[in-house]
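What TrEMBL says about this protein:
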- 40-60: transmembrane segment (TRANSMEM)
- 72-92: transmembrane segment (TRANSMEM)
- 98-124: transmembrane segment (TRANSMEM)
- 136-155: transmembrane segment (TRANSMEM)
- 332-430: domain 'Acyl-CoA dehydrogenase/oxidase N-terminal' (DOMAIN)
- 563-704: domain 'Acyl-CoA dehydrogenase C-terminal' (DOMAIN)
Amino acid sequence: MSTSSPTDSKNATDAFDIERQASVSAAAAAVPVAPKSLGAGSALALGAFGTTLTTLSLSLMEWRGVTITNVYVGNFFFIAAFGLVITAQWELSVGNGFAYTVFSAFGLFYAGYGAILTPAFGVAQAYGSDTTQYNNALGFFMILWTVFVFTFLIASLPINLANIAVFFFVDLGFLTVAASYFADADGHAESARALRKTGGASCFVAGMRDNDISLPLELSNNPDLVDPRCDVLKPADGVIRARHLQASSAITTTSGLLFESINRHYLYASSCPVPLCPQRLLIALQNPSRSQLTIIIITTTIIMTQSDVPATDPAVYEAYKTQWASLPDTAEAWLARAREVATVLSKDAAQREQENKSPRAEVALLKHSGLLKLLGPKKYGGGEQPWSVGYKAIREVAKGDGSIGMLLGYHLLWSTTANIVGTPSQADRIHQWIITNNYFVGGAVNPRDSDLTITSDGEDIIFNGAKFFNTGGVVSDLTVLEGVLEGTGEHIFALVETRQAGIKFAHNWNNIGLRLTESGGVKIENVHAPWTDALGWDNVSKRPREEVLGVPFASLLLPTIQLVFSNFYLGIAQGALAFASQYTVSTTRPWPFGGDNKASATDEFYILERYGNFFAHLRAAEALADRAGEEISSLYREHLDNRPGLTARQRGELAEWVASVKVVTTDVGLRVTSGIFEVTGARATAVKVGLDRFWRDIRTHTLHDPVAYKNRELGRYALLDEVPEPSWYT
């Protein structure tokens with residue numbers, strides 16, 4: 001048995017590789033080529049395709065805030081459509097049927113898509129306000145093109161990796177864009193947005209890969225770089241770029257598997273032998289352009305794994321942005337604006353409540369109305385109204401939709417938190433931040449849960465922990481966080497931007513009432529805020545400012561928010577009575593077996609008696625709520641610039657005004673919202689009527705803190721003249 005050394009084996013293998021490569025080169029040299037005078041026409045088509053697809057992908061990914069694609073109509077018609085169709089004829093003249101089909105198809109696709117986006121064709125206008133049908137039709141348009149492009153992907157498998165990559169990412173992009181249209185049609189706005197971004201990322205990869213292919217073809221028209229014998233780009237840098245080749249072979253060598261193409265026409269960068277081995281893959285990843293594509297692919301994967309969170313579409317209320325462009329300038333005008341918002345919301349409140357989608361559209365409506373700026377200073381564009389007006393506005397909005405009234409109330413509280421527990425300069429800066437950006441503020445402050453822990457790295461405070469409930473955070477721009485500084489027992493409030501990796505919402509709010517408030521859980525992981533944003537703290541000494549946080553004024557946050565609660569309870573109950581009244585007048589039938597039959601339900605004694613009783617109790621509750629609102633506004637007016645002047649007794653007496661309202665609105669709210677069924681009749685219990693939502697809304701939030709403790713507080717105040725100690729609920 002003979003043996004050979006490793007060196008002999010290596011030499012033999014190398015010789016074999018050289019021989020095999022020579023045979024392939026010889027095959028290539030023997031292939032007749034198209035007349036050189038035609039040049040590399042594919043470069044025009046590829047450039048047009050890549051440029052158009054890449055610019056479109058940037059809008060799909062919402063880069064620099066661009067989402068409207070109509071500006072690209074010029075690309076669709078005059079670059080892609082003309083460029084691709086003209087070049088397709090060029091390819092047909094040299095016998096390249098596959099390129100002819102691909103270029104023609106994409107040219108016609110861009111022309112068709114451009115026509116859809118061009119107002120003169122009237123495609124979108126034909127659907128009017130029926131956005132569901134329009135989005136479904138667009139979905140069908142894209143999904144069928146996805147199938148067509150998939151045939152190109154299959155046909156490209158024996159050609160080269162470059163073609164495969166382009167068709168794969170184009171097809172993935174078309175598929176996800178089609179899915180985004182269907183998601184929009186179903187009302188899943190957030191899912192649609194994520195799918196569009198995913199499609200944009202895929203199309204971006206395809207466009208960049210396509211541009212990478214077109215460069216060597218442009219260079220192949222340079223006679224100094226082209227070998228006329230076999231149309232191979234001369235390897236000035238040692239790398240073969242493109243070739244005409246009619247051969248099919250797979251050559252196994254010591255360095256991996258080499259592929260040659262069966263297509264006899266331009267096959268671009270990857271048509272040269274590409275060894276598929278780990279070493280070469282590592283080299284490819286070291287190429288900057290490949291690294292960028294890798295990052296894009298990873299980003300696409302992250303986007304595709306985002307939670308499917310159905311949301312209402314802000315576009316449905318877009319017209320109100322113009323209608324309400326100017327802010328009201330008097331208290332009554334602000335309340336009239338709140339009533340307008342309630343009217344809009346009441347039209348489909350039952351349907352939206354049953355769908356239980358994230359209220360992005362409703363928050364957009366609040367932004368358009370200007371109500372988010374109601375309490376802010378005029379110098380930054382706010383309404384500078386007192387809390388007495390704010391409470392009435394909350395009540396008015398809650399009449400139309402209890403969930404949105406609650407969101408408005410929490411926003412007004414959190415957006416003015418710095419007025420109470422922050423320094424004047426902090427309050428001023430935060431007002432400017434919120435008002436100039438028209439931000440909506442949510443809060444992750446639930447005292448029943450464990451406190452968030454706060455650590456410090458010297459420059460920042462860092463929040464960690466979780467809350468079972470947070471209100472409005474999912475749809476907010478800013479979130480109020482509150483926690484305890486490690487090792488001190490001292491509490492700190494701070495506002496942070498909501499959209500950051502460390503704030504993770506559970507999307508698990510699915511309770512019986514207030515379904516559009518997004519009050520589910522949230523996890524806080526390493527969320528930073530600068531020490532200068534620690535409300536009421538000295539950023540140098542890292543200690544609370546005694547003149548801010550060591551006085552009774554700082555505890556006004558609690559009666560302020562408790563009165564927010566009572567006012568949306570009251571608004572919900574008033575809305576229930578108004579809704580029931582309309583139903584009784586239009587639909588409820590009189591009882592025919594009472595012996596004193598009436599012609600109309602509105603003549604029935606028991607119906608009139610109940611409505612009168614409900615109305616009287618609600619009127620009394622409203623008067624009490626208004627008086628408490630005036631009391632709290634008076635304290636803010638007198639002591640905002642003189643915080644030490646507010647005594648503990650004054651603060652305690654205010655708390656008992658607020659407690660009185662809480663007791664009364666809880667009782668009357670539950671009584672009215674359950675009692676209206678007695679005066680509307682059995683048919684009013686139908687789900688489509690939506691009369692049950694009023695009771696469910698009040699019942700859900702009146703469990704926030706036991707009203708029995710408010711009764712006890714009032715008993716001690718009435719009997720013993722004791723005011724309560726400040727707490728998280730008093």
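Placed from the backbone N, Cα and C atoms, the Cβ positions cover glycine too.
DSSP assignment over the domain 'Acyl-CoA dehydrogenase C-terminal' (563-704) gives 111 helix, 0 strand, 31 coil. Only residues 6 or more beyond the boundaries of the transmembrane segment (98-124), in the same chain, are considered here, and those with a CB under 8 A from a CB of the stretch are 42, 45, 49, 52, 69-70, 72-73, 75-77, 80-85, 87-89, 91-92, 134, 138, 141, 145, 148, 152, 155, 263, 265-266. Using DSSP to sort the residues of the domain 'Acyl-CoA dehydrogenase/oxidase N-terminal' (332-430) gives these counts of helix, strand and coil: 78 helix, 1 strand, 20 coil.
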